[in-house]
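Below is one structure, written out as structure tokens, with a few remarks after it.
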């Protein structure tokens, strides 16, 4: 009674955390290493089975300091044997050392219905953890998402497996022993819809064949090559593809079939190596593309797209007005145009240019363009000519936003004044100049 009056809690009262619902306890335990979560089973009868029902398990080799003499693989395998949740939403393994026993020590001990499996290896780059997928394990039949990252070597030639439910596959810096391993992995995913590839690795110069009829989204990105022969060659057959994202200026991409369902694409490639690429982009509604001077030699009537509504152009080197205007005449239904000149390169003594205006105003300017955005506008003669032409001829333009790349306050103020004085073909146009 005295303790209650003084505001001191009775130490014999049940701990409040044990009264929390399981869902909240699961969230709390998911914030600590699995080895620590297992230790909570010693607290009381209430806690004995809480960790066994966790819907998410993250095994981090760097955080497992209290597993005694057990190796990391053995600890993972034994703890998974004790796990009782019928549904395991996510299982993550973060490896630090090389291991070749995942298929024998861990995979067979997963008894829950597993939806997402992630393996990340951060060991020394020279050493790879070899992963094989046994074909007699039910755990792979329920997987919806599979993520592999780091120093991992995949070998599926001798152990074919069927990921019959897999919808999303993420491969980041994963090594393949041969072309067949990559092809068999994809052929084992009959309902795959989302494929994310970042810097595929190989010993030698392989052809990576992507033949997935169900594929809807494909992303391939590549950082600066680590090795001189690290040049991707991808052969793509994906007739159901809707979204395409490629960022690799040295790779070669061959599209075997047309992709009539493609509606969105972001492409950062060297067109001189990928001359067939423009043909597969003719059905897109949203397109993000590099624009550089030499590109004019690789664009022709194959680039005409009546479906394109939104275009973003990343500009490199000096801006060329003629190249932009030649593109616009082939995009009759374009509604929004964004120019991003992040690092403009121009001579201080900008020389007057001769801009060849189209014989007729592009249809998109006369009837459809509503939004115009320019980032990195430096006020060169070429840029002024393009700005004047677009603002004057865009009859339906509602919003124009121009962000300046200026060499000084005085120069910036002059550009603002110049832009605001340009005539506008649309009475609805709201011009915003950012300095």
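Glycine is treated like the rest: Cβ placed from N, Cα and C.
Database features (Swiss-Prot):
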type   : residues : note
DOMAIN : 14-62    : domain 'F-box'
REPEAT : 64-95    : repeat 'LRR 1'
REPEAT : 146-173  : repeat 'LRR 2'
REPEAT : 174-199  : repeat 'LRR 3'
REPEAT : 222-248  : repeat 'LRR 4'
REPEAT : 266-291  : repeat 'LRR 5'
REPEAT : 316-341  : repeat 'LRR 6'
DOMAIN : 353-404  : domain 'FBD'
Grouping DSSP H, G, I as helix and E, B as strand, the residues of the repeat 'LRR 5' (266-291) number 4 helix, 9 strand, 13 coil
Could you tell me how many residues in the domain 'F-box' (14-62) are helical, how many are strand and how many are coil under DSSP?
26 helix, 5 strand, 18 coil
In the repeat 'LRR 3' (174-199), how many residues does DSSP call helix, how many strand, and how many coil?
9 helix, 7 strand, 10 coil
Using DSSP, how many residues of the repeat 'LRR 1' (64-95) fall into helix, strand and coil, respectively?
11 helix, 9 strand, 12 coil
